[in-house]
Structures are given as structure tokens and as C-alpha cells.
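Some notes on the structure that comes next.
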């Protein structure tokens, strides 16, 4: 599994207990109650990702109702940064894993491709905090983006051909410039932060 | 500096040879011509020269014996100063021109080296002519006139994201690295000077504080030199921003150390208290500089909010506010460079949202031009000042300085990287460290600071200057020339060329939110959390104050998208409209290919729709397809020096869209006229409406007035789309239905359930600045065409009522 340090696992466990109210599992409500998340436009997708069975890497599909600490940790492990000791091969695997996580967030019906509808939905969510302006432009942006993916990956399509959707390979291809293994990470502190919040009693 | 590599064809080369010869001749004449007045300027007997000039020129017009009214008179003195300045600027620009005409030279030798050589030549010529070399690197001239444009250019176009991501590393190198360098070099130099046994030279008399002062002057990495050399080697963004950021931010350290040592060198001792005050002073200088810059930046942004009626002076505000920020900071002995950077970086996002496209271009061009000329002049002056001196060569001192500088730099970088890597996510490899160390070039700032020293107070000023010049020459020539081959040799990652695609932009934003969310779930306030808070604060309060009109609410993704679409529209129109542009990835994919398939039409038995004879269908389809296909172009890569037009021009988009629509519509009408003779169908059958196919395409266009605020007047000729409503019957033509490839299925309005998902490219009428400025190419081939009313179009207002349905 992941290579978290003992300190980090302890801290995450403390956080888990805080979220779950000292129970064994957390449900969606527990995560939805985090106040800081309220401002996040893609809140639902993030919470959904925690309960998505695909992110547990056990070849299951569907979603959980509640997750335990192991599953929580598994999802968190997607956000580990590479270290100086990570080899090229490991970096490749890491990048694929992270891209897969993102892909799963978009591919809600789990058919292996991100269709135009799903992509539109994703962009709409992203712009959901921007009011009406966001909604109107979202469709156009999603269409343009989809077109770009199709143009780069399958440059010569006859007018009658239909581009089904973004497959994982195409997804990797268009995002390869972003170097996901270095970008998609957070710092897991070795310090216990649950006791360090000023004046916050919950979450 | 953009390094153009001129590739001449053989015949072209032959032709350009006489041109080059001519240019060189002109340059030489100019040099000769410039030497005399420049020399004359500083020589005391100016009038003598003037008289001789007088006689030469005014020979034919003046009667030598009787002093009549001088018809032709020469009064050089009158225009002396501006004339000289212009001559220098002209010289610098001609030199720049000349270098790029010589084909291979600019790729081997960096421009900075060539310019120094030219400066040496000019200085030599002036000396040969017996005149006194003007004090060109006079500190006031340098710091007040030559340096600000370069720094402003760098600050205004500073890539904020990579800078902020690496700001910790940059500060470490800038502050700790420079202090380390200063003390190491100064201290060891003092030690070396003291141990000179055999030669009781003047070296023994150097005091420790003087050495430390010298160390602090020589240790700062120079932004001008770094810019000049790094621009030509195109290394990856991370390394570039590290070295460049360091060169900018170490100004505060240099200022403090310099003043500290100058002050206390007079006194002779430094106490702990003084050291402590030095640290406080550093904080004041750095933070004060940034604060002054930020204040002026906000003022500039606020002013630009109101400039919608006086567009022509918009660029002036940017320049004047920035310059005043610099001067104000210098007034308080704060760091002027940091003030300038802060001002440029703070004002840019808001100013760019407010000003017109032309002003934006003007600002870009002016900044590039001034910074380019400044840089050229600085290097030439370095050459001239070298010839001038005053020099006092001392082998020991100079060689030890050079060696110590190199050693200090290497040790400093390696040591600091070891510490920094513990905190960084993307670690710095050995290769990176090498480039950072090797890229620590010294330049004209060091020389000017040395020049500022008082000869009376610092007996060894001449020796210092000589040593400084030697170090500068060494770094610029040796390191500057070899860094490019070394970069190739070490296979250092180069700059990514392609511009960000819309997918990357979407996912960058997506990642930002995702990581913020994960951090919130984890419960600790990390990097992303604060960034998100800052963004929200910015959006909620700051943007409203500083950005005029509608654009204050525009999210970044949408702004990016608009810019992209406009760029493509402009490219399309400029290329002749409709002609396929050469692109990196030529593609025949169009909107049609990605639209989701329609649900299969009703079984054949239920269909009461007549079908067109095959020939006719083919023709219709072909024509429609040829009008509706589009090619998607890859965007040109962004380069700091290529100024791609920013197409957010007022009114330009209207013209563009109108033009496109006109062309397409005319074509359609012409061709569709043939098809009015379709066999008559029962009166209320939808097939009648196939005649109106012509107008289908253009219905997605949004009229121009729905763009930002009131900047664009409603376009009376724009074709507007009717909002989908029950009373408007809509005919759809399904071209790509797989069930019946040979027929054109015409579905009636009761299939409108399918329309909803086709609204991808259409915008509902009332809205802000969303993608309404889409050119005709936006509504490309689609599976279904939406047929609305036709050509006799209605007014632009989206609120007006539906016109009569076209079905009787």
C-alpha cells in the first residue's frame, strides 16, 4: 500500500476519528459537514471519490455507503508526492495512478470513457460557483475541450465518424504536460494538526 | 533578447554581402562621427571645436571678412546633451541590428559579449581621438534611467505561478546565499591579503570592513546579465525562475549590506548591535520596498478602471506609476527593484482586465523596446567604462577574487540545496544545482556600486573596480558563452513550447480545487488552503474595486477560453477565412464527430417522412458539410519575446463575426436556391421547411451586444438565435444518423427532447460576457441543424418576441 510514515498515519487516524465522531466508519454526511468544504465547487465529486470503489484498487465497481480507515488511507495515498528516491518507473506508475484517480472522478458511469455529457457536467461543476455566466459558458468550454482531445488523439476522422469519449489513454496524452506526479500532492505533515486549530471544536 | 537565427539561402547570402558591407561602413562612419562630439562634450575647450566646425560647415554661406548676418550657423552646444544621448541610443540599436545580420555570430556568442566588445572599441576610439571618455556608467544615470525599464519589463511579465510556487527556494538563495557569498569572499580575501609575505604591497593596508564591502558588492547575481544570457538558452521554467528570481530579490540584501559597510567602514568597527540593526534594516528595506510597490500597483489598477474614455493614455499610467514606485522606494533607501517588481506584478491582472487591446499591445511593445535598448546600452557602457578605468591591476587580488567568487557560489548553492530539498516536493537535482551555480552572473550593478564609492574614503577603489570588471568579464564571457553548450551537453530540460490547451487549463483549476478540498478533509491549512482563501478574497472584494464593469465577475477559466477562441478567430480571418491553416496537428475532426449520437429514429413503418431522391441528398449533404467543417488549430507557443496580438479588442470581434456570417450565408443562399423545387408535400408537412435549410447554421450566433457590458453597441445586422420555446417549430436535419445513411431524416418539432443536449454551442440570450463572441466557425458541423427563421432577420434584441412561425 502506501508508504506513509508512522507519524502521518497516526495523524490521519486522529483526523479520521474526529470526522467520524469516534466511530469506526465515516459516511458522506460526515464529510459534507466539514465547513471549509462548503466553498468548494467540486465538493460532490471529491466526496464521491472517497466512496468510489474504483479508487480502492481492488477491481470492484460501485460505491460504498461508509468507509473505514483503511479505505480512507487508500484514497489519501493517491496524494503522496514523489521523493528523491523514487525511480523513473515508480514515477510513471504514480502518474498513472493519479491520472486514474482524476479519470474516475469524471467518468461517473464507469464505462471507461468520459463522454461529452460527463465532461460537460464536470466543467459545469467547476464553474458552479460563478453563477449564470459560468453555466452558459460551461457547455461551450466542454465542447471545445472535447474537440481538442479528439483532434490531438484521432486527427483524421471522417465526417461520419463519431468520437465516443475520452479514453484513459487519450486522457493521459492530453495531460502529460502537467506532470501530475509532481503537481497532485499535498503535504502530509508529521505534526499532529488536529490539536492545533485555534478555536475550532468540530472538524 | 530574441535570438533570431537568420537562415540565408546561398543566393540570398550573396545578395546580403554588399548590404552587410554597407551597414558596417555606416556604422564605422557613425562611430567616427560620434567620437568627436562625445569627446568634445567632456573636453574643456568646446568652443574651439565649435568654431572649427563652424568654419567648415558655414564656409560657403559666410563672408569671412565682414560679419554679416549668419545665414547658416552651427550651434552644437545648444543641442549637445540630447544629441549625444540619441547618438548613443542609435549606436546601440544599430549594433543590435548588425549582430543579427551576421548569420552565425549570434548563435555562438551571446549578445552581451558582443556588446561589451563594441563598447571597448568605442571607448578605445574615443581615447585614441584624445578625448576624455564620458562617465557613462555614472551611478545616477545607471540607477535612475537604465535599470528601471529592464526591471519593469521583468516584473510586469513575471510568471506569477512558478514564482510563487518556488518563492521559498528563491528567497533562500537570494538572502542566505548572497550573505554567505559576501562574507565568504570578503573574509577570505582579507585573510589572503594579510598573508602576503614577500610583497608588502598596499594589500596589507586593506581593512576587513573594506573587504567585506567589496565582497558584498561582488556577490550579488545581476538580473541584467542573467536575463541577457538565459533568454538565449531556453531552459525549463523552474531553473529560469530560480536564477532570475534570485537575481531580483537579492537587491534588498545588496542594498543593506552595501550601506551597512559603507557606514561602518568610516567608523572602523561593527558591534553586535549594528549587526542586529542590519537585520532589522534588511526586513524594512525588503518589505518596505514591496509595500511601496504594491501601493502604487493598486493605485495604477484603480486608475485604469476609469480609463474607458481616454484609451490613448492608458499605457502612460502603467509606466508612470511604476517609475514613481521605483523612485519613491529609492528615496527612502528601500529596495527599488523589489518595489518595481511588486508594482508590476500586483497591477497586471487588474490593469489587463480594464485596458483595451491596443493599450495592451502598446505596453508590451514599449516595455520590450525600452528594456532592450537599456540592456544594450548597459553592456556597451560597460565596455566603454572598462577602457576609461580608473584601473589598478593587482594580480593577487584580482585572481583570488575571481576564484573565490566561483568557489563561494558553488559551495553556497550546494549547501543551500541540501537544506532546501528537505522542504521541497520537486527536488533539485545535481544538474539543476550546477545550472543555478553556473548561472550566477555578475553585471553592471556591481560596477555601478563600486563606482559610487568615494575615492577619499576607500583608498583601494581603483583596485576594487578593476577586480569587479574582471569578474564581470569572466562571468559574462566565459560563463555566458559556455553555458549554452553545457546545457546541451548535460541535456537539461528545455522550455516547454506548446501553449496551454483548454484541457490543461481546466484540469489545473480542477486540481487546485481538488487539492484544497483534500487539505480541508485532512484538516490542516496547507499551501492550497491559503491560496484558495486569497483567491476568494480577491474575487469577492478586490476585483470589484479594481476592475470595471462586467469583467470583474468573470472566472479565470472563462477568460482563458474567450482569449483562446478570439485568437483562433483572428487567425482564421487573417488567413483569408475558410482556408485551411497549416497547423501542427492537422485534423479533420469537427464538432459533428463528437456530438452524441441521437437515439435511433422510429421504426421505418412509423415514419411518414418522405425521402429525397438519393442524388439530391448527397448534394445537400456535401454542401452543408463543406460549409460546416472546421479545422482546429494548435495554438502558437508563447514566448516572452513574441508579442502575439491579444484579441480582446472592442468592436473587432463584431466585424469579424459579421464578415464570416455574411460570407457563409451568401454561399448558402446561392446553393440552396436550387432546392426549392423539392416535390411538393402536404402543406403541413415539415418537409416544406427543408427549403429553409439555409439559415440553419447561423443560428447559434449570439449578437454582439451580449458581450461585456456596454462596451459594444448592439449590432443591427447580427443574426440572433431565437430562444427555444414551444411556439417555434424547429426542424432538424440529421446528417449522421447511422440507421439511414442514405436518407436525410427530417424530424419534426416533437423530437425536441433531443434538442436540449445540442445546446452545447448555443448560449441563451441574456447573459454576461460568456462566449458570445464566437465566430462563425464555432457552429460547425453538427448532427442536427436547427432551423429557425430565415434570412429576413429580426433585430438584435434577444428579448423581443418571436416572429411568426414559418410554418403556415
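Any Cβ shown, glycine's included, is placed from N, Cα and C.
A quick note: this is a predicted structure, and the numbers were derived from the prediction, not measured.
Per TrEMBL, compositional bias 'Basic and acidic residues' is recorded for B:776-786.
Annotation source TrEMBL lists compositional bias 'Acidic residues' at B:798-808.
As annotated by TrEMBL, domain 'Cation/H+ exchanger transmembrane' applies to B:90-488.
The domain 'Sodium/hydrogen exchanger regulatory region' annotation in TrEMBL covers B:584-688.
The transmembrane segment feature in TrEMBL is assigned to B:21-40 (among others).
The transmembrane segment feature in TrEMBL is assigned to B:109-129 (among others).
For B:141-158 (among others), the entry in TrEMBL reads transmembrane segment.
The transmembrane segment annotation in TrEMBL covers B:170-192 (among others). Outside the transmembrane segment (B:170-192), and at least 6 residues removed from its termini, the chain residues within Cβ reach (under 8 Å) are 163, 206-208, 211-216, 218-221, 241-242, 245-250, 252-254, 257, 282, 396-397, 400-401, 404-405, 408-409, 411-413, 415-416, 419-420, 436.
TrEMBL lists B:212-230 (among others) with the feature transmembrane segment. For the transmembrane segment (B:212-230), the list of distant contacts is 1, 110-112, 147, 150-151, 154, 178, 181-187, 189-190, 240, 243-244, 246-248, 250-251, 253-254, 257-258, 261-262, 265, 337, 375, 378-379, 401, 405, 408, 439-446, 449-450, 453, 458, 464, 467-468, 471-472, 475-476, 479-480, 483: same-chain residues at least six beyond its ends, Cβ to Cβ under 8 Å.
Among the features that TrEMBL reports, transmembrane segment is placed at B:242-261 (among others).
The transmembrane segment annotation in TrEMBL covers B:276-300 (among others).
Look at TrEMBL and you will find B:365-385 (among others) tagged as transmembrane segment. Long-range Cβ contacts of the transmembrane segment (B:365-385) within its own chain (Cβ-Cβ under 8 Å, at least 6 residues beyond either end) map to 1, 88-89, 91-93, 95-96, 111-112, 115-123, 126, 133, 135-137, 142, 145-147, 149-150, 152-154, 156-157, 224, 227-228, 315, 319, 443-444, 447, 451, 469, 472, 641, 643.
As annotated by TrEMBL, transmembrane segment applies to B:397-421 (among others). For the transmembrane segment (B:397-421), the list of distant contacts is 168-169, 172-173, 176-177, 180-181, 184-185, 188-189, 192-193, 203, 218-219, 427-428, 432-433, 436-437, 440, 442, 463, 466-467, 470-471, 474-475: same-chain residues at least six beyond its ends, Cβ to Cβ under 8 Å.
Away from its own ends, the transmembrane segment (B:464-487) comes close to residues 108-110, 112-113, 116, 214, 217-218, 225, 228-229, 232-233, 235, 382, 385-386, 389-394, 397-398, 401-402, 405, 435, 438-444, 446-447, 450-451, 453, 458, 494 of its chain (Cβ-Cβ under 8 Å, at least six residues beyond either end). Look at TrEMBL and you will find B:464-487 (among others) tagged as transmembrane segment.
Same-chain residues lying 6 or more positions outside the transmembrane segment (B:276-300) and placing a CB less than 8 Å from one of its CB atoms are 175, 249, 252-253, 255-257, 259-260, 317-318, 321-322, 324-325, 328-329, 332-347, 351, 546. The average pLDDT computed over the domain 'Sodium/hydrogen exchanger regulatory region' (B:584-688) stands at 53.
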